[in-house]
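Undergrad: Please see the structure below; I have some questions.
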There are 2 protein chains.
Amino acid sequence: MTMNQEQFEFVCEHARGAMLLQTIADTLEWDERTGMPIAGGDYRATQVSTLRGMVHHRRTDAKYGETLQSLSENLVHEDPAGDVAATVRGLLRDWKRNHRLPQDLVERTSRATVKGQQRWDAARRADDFGMFQETLAEILDLKREAGQRIAEGTDRSAYEALLDEYEPDARVEPLNQVFRDLRVPLVELIESIREAPRQPNRSLLERDFPIAAQRDLSRFVAERVGFDFQAGRLDETSHPFCTTLGPRDCRILTRYDANWLPAGLLGTLHEAGHGMYEQGLRAEWFGLPPGSYCSLGIHESQSRLWENQVGRSRPFWQWLFERARSNFSPALDEVSLDELHFAINQIQPSLIRVEADEATYNLHIIIRFDLEQQLIAGTLSVKDLPEAWDARYRSDLGVCAPSAADGVLQDVHWSAGLIGYFPTYTLGNLASAQLFDAAEAELGGFEEMFSRGEFAPLLEWLRERIHHRGQCESGNDLVEKATGKPLSADSLMGYLSGKLRKLYRIAG
Amino acid sequence: MTMNQEQFEFVCEHARGAMLLQTIADTLEWDERTGMPIAGGDYRATQVSTLRGMVHHRRTDAKYGETLQSLSENLVHEDPAGDVAATVRGLLRDWKRNHRLPQDLVERTSRATVKGQQRWDAARRADDFGMFQETLAEILDLKREAGQRIAEGTDRSAYEALLDEYEPDARVEPLNQVFRDLRVPLVELIESIREAPRQPNRSLLERDFPIAAQRDLSRFVAERVGFDFQAGRLDETSHPFCTTLGPRDCRILTRYDANWLPAGLLGTLHEAGHGMYEQGLRAEWFGLPPGSYCSLGIHESQSRLWENQVGRSRPFWQWLFERARSNFSPALDEVSLDELHFAINQIQPSLIRVEADEATYNLHIIIRFDLEQQLIAGTLSVKDLPEAWDARYRSDLGVCAPSAADGVLQDVHWSAGLIGYFPTYTLGNLASAQLFDAAEAELGGFEEMFSRGEFAPLLEWLRERIHHRGQCESGNDLVEKATGKPLSADSLMGYLSGKLRKLYRIAG
C-alpha cells in the first residue's frame, strides 16, 4: 500500500494549525518577558493558558491520532530519512506521548510543578532544602509514573522515556559511556589547570563596559556571524532565551552586565547560535518535523559552537580586538590580544552551573545527569540528595557549596518537572566540538577566515548538514552523518585540551 | 418575567471569550507595529486573520444571538442605565449588526477595502484621483447596502446606520444642527485671527528638540497627568495609536519629530487621554459593554481634553515651563512663557487635517461629514467629489490644495470603508470642551491646580462621570448627564473664542 495523500495533508494541516496557535502563545510570552506592564500579568496568564489548551486539544485529537497511525503503517515505500517519513514519525511520536498520559496525571503534574517552583523559590531564599523536599519527591513520583507509562511495552526505562522528550531516540547507556569518556580526562585536565603557574587576569573583564557600547558590539557581532535581523530581533531580558514566533520571525534575548564583558557578548553569540539554527530550518516545513529543530542537544550544539568554538577562539578575537578596544575605551586600552583571549578562556571550578566556564560546565551537568537517573530509578532518595550532591561536587570539582542555595537548590529544572533535560547541555557541547572539527576538516582555513570576520562558509556548512535536516534523523544520526563518526568525547576533549594546555602552558 | 441568570451568564462568558481572542489579536498587531521583524509579516497576517475569524465566529453564533434576544425581551425590571441592561443591549446591538450583514457582503466589502487602500495609496502617490474613483464608488455602494440592511425596519437612514457603528444611537439631524452652530462662528473667528496684527512665532517650536529629551519629558507628563505605567506602556511608532490588550494593560504609542515639539509632547498627551479612559473603565466588566468605551466621540473627547483644554492651557505651561526649558536647553533659553504658550496655540488654516490646529480641525471634519452624507445618499457622485471638496475648502478654510494628494486623497478612511467615522472627531472636540467646563464649574480652581502640576481632581471627575459609566448610556446621554445639558457648540466656541481672542488681541 502507498501513502494516502489526503490523509497526509490532513495531519499536516492539523499540525500546522496547532503550531499557529502555539506561536501566538509564544508571542504573548515573549511580550510578557520583554515589556508587558506588570499589572497585565493575570489576564495574560488567562490568554496564554487558553491558547495552550487549544493547542493541547488539537494535538490530542483522536481522529488526528488514528490518521497518523494509519499513515505510519503505510510508510514502507518512503525513504526513512525523507520529509514524509519524518513528518509521520515525529507527529505520531508526539501524539503518542500525549495520548499515553492520562489527563489526570497531566493536571496533577501541572499543579505539582507550579507549586514546585514556588516552594523551590522559597526554599532557595530561606536556604533550606527541607522546605522543598516533599514537593520534589511528589514531582519525581509523577514524572516516574509518566516515564513508566510512556515506556510501557517498549524496551526503554522510565528515565529514558523522559529523556526522549528532549532528545528523541537517545539511549542512556551509550550516553553514560560518552559522559564517562569525557569525565575522566576532563577532571584531570581541570586539575592540571588549577595547578598551572600561569593564570589569566580575570579582572580585565570586570572593568567598566558601558551597556550601550556592549549593545552596539553585540548587535554587530550577531549580524556578522549571520543572524538575520530582517527575520529576527535582539532584545534584553533577565533570563536570556531564544523563541521562534513564525517561519521568518526569531527573537533572541540577551542580558548585559556593565562589569562582566562575557555575559553580554558571548551570551549574545550563544543566543545568535540558537537563532541561526531556527532561521536555517526550512520555512516551507514550518510547524512540521522536517522544519523543526532536531533535539535540545542539537539546538545547544549550535549555540555552543558560536559561543565557544568561534567566540572564544583566538582568530575571532584577532578580528574583533581593535573594534572592541576602541568601543570600550579606556577599559581595554592597555590590554593585549593575548591577555584578553586568555582571560576569556579562564577555567576555574566554581559552584554555580550557569556561571561555569566551558570545561567545568560539563562536570556540573554530569553530576545532575547521574543524580537524576538515580532519583527516578529510586536508588537515591530525595532526603539523601543534598549529601550526594555535595559529595560529587567535592570529588569532581573540588568545591563544596557552603549552603543549599548555592548547591542542590541552584537550578529551577527539577522543580519545573524537567527531568532528562540536563544531559542535553553536555550533548550540545560534545556535538558542537565534533561538528566544528568536521567542518574545519572539510572546509579548512577557519583561522584565516575568522580573523577576517568571515563566518559564512561555516554557517553554510551547518545549514546544509544540520539546519536543513530538521527532524529527518535523530540527533545522534545527524551528528554521525555530518561528521562521519558516532558522537564521542574525542573532539570536545581534543578541543579543550589543545586550547587550554597551550594557554596555561601545560605539558601533555 | 425576570432575568434568567443562567442565560445572562452564558452570554457574558461568551462575549468575554471573544474579547480574550480579540485582545490576543490586538497584541499581535501591537507587536507588528512596534518591532516585528519585517520578514515576519506574512505569518503574522495568517495568525491575526485566524484569530479574527475565531472572534467573528463567536460573535455571530446563533445560540448566543437567540439568548440575547430572549434576555432583551425580559429586561423590564432592570434599570435601563444599569450594568445588566447595558450588557444585553450592547451585545445584542453588536450581534444584530453582524447578523444583518450577509457573509457575502462582508467578504466583498473586505476585499474591496483591501483593494481600496492599495488603490488609494497608488492614486495618492501618482496624485491622480481618477485611479481611485472606481474603487471608491464600489466601496460606497457596498457601505450603502450595508447601511440599508442594518437600518431596515427602523426609522434610520443608511448613513445613520453606518454612523451608529462608531457613535451608537447618534442621529444625523441634531448632529448637523450642532455642526452648523459651530461652523458659522468658527469660520468668523478664524477669519478674525487671520487678520489679527499680532501673530505667534511658530519657529520657536521648530528648533532642535532632541528625541531623547522629548521622550523623557513626554513620559514625565503622561505619568503626571495620571497614565498608569504599572498598567500601561508608552512606545513609539509611525502612526500613533492606543490599544488595550487586557483590563490592566493599555499601550499608547507616540511619534517624535526632532524639529516640531508639539507632535511628540501634545501627541503623547492625546494618547495618554485615550489611555487613561481605557484604564478608567471598570476592569470587572472587561470585554462587556459596562466596561467598554462608550463611543468613538467620547473616546476622542478624553484625548482632546488632555491634549487641548489641559495641554494647550497657560497654567499647564506655567507648571512645565522651567522643566521644558532646561530639558531642551538651549532651544528655549531666550523664550518667554507667553511666547511659548502663544506659539503652541497658533491658528492657521491649512490643507491637511492631521496637521491642523484645534480650531480649524473642526472645519476639515465638517467638510468630510457633509460630503460623505451626500455620497451615501447619492446626491453627490464620486466623479464630482474632487470639485466639491475643493469648493468647500475654499469657502470654509480659504485654501485650496494644488493637488489631489493634498486634497481629497489625503485621508485613508474612505478607502478603508470607514464611513461615519469622521464626525466622531468633532464630536470629541465638542464634548471635551463641554465636559471640561462642567468639571471646572463643579471643582473650581483648575488654573491654580494645573500650575502646580495637579491633575488628579480632574481625572477623578472624568473617571466617575465618564469612564466608570462604560456603555451604560449613549454618548449624548453621557455628556448630558455629566454636564447637565445636551451637547452643543457653546462650550467649544466659548473656549476657543475666549482663549484665542485674548492671545491674538481680537476685540469681541
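Residue numbers in this text run from 1 along the chain shown.
Backbone N, Cα and C define each Cβ position, glycine as well.
Remember, predicted model here, so these are calculated numbers, not experimental data.
If you look up TrEMBL, you'll see B:His270, B:His274, B:Glu300 marked as Zn(2+) binding site. According to TrEMBL, the feature active site, proton donor/acceptor maps to B:Glu271.
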Undergrad: Could you tally the C-beta atoms, other than its own, that fall within 10 angstroms of the C-beta of B:Glu300 (Zn(2+) binding site)?
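TA: Looking across every protein chain shown, the total is 24.
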Undergrad: Do any residues at least six apart in sequence from B:His274 (Zn(2+) binding site), in the same chain, have a Cβ closer than 8 Å to its Cβ, and if so which, in order?
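TA: In sequence order, B:Cys242, B:Ile252, B:His299, B:Gln302, B:Ser303 meet the Cβ cut-off.
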Undergrad: What is the interatomic distance between the Cα atoms of B:Glu271 (active site, proton donor/acceptor) and B:Glu300 (Zn(2+) binding site), given in whole Å?
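TA: A Cα-Cα distance of 10 Å.
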Undergrad: Across all the protein chains here, work out how many other Cβ atoms are within 10 Å of the Cβ of B:His270 (Zn(2+) binding site).
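TA: Total other Cβ atoms inside 10 Å, all chains included: 23.
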Undergrad: Starting from the Cβ of B:Glu271 (active site, proton donor/acceptor), draw a 10 Å sphere and report how many other Cβ atoms land inside it.
TA: 26
Undergrad: With a radius of 8 angstroms around the mean position of the C-beta atoms of B:His270, B:His274, B:Glu300, what other residues of the same chain does the Zn(2+) site pick up?
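TA: Neighbours found: B:Cys242, B:Glu271, B:Gly273, B:His299, B:Gln302, B:Ser303, B:Arg304, B:Trp306, B:Glu307, B:Gly428.
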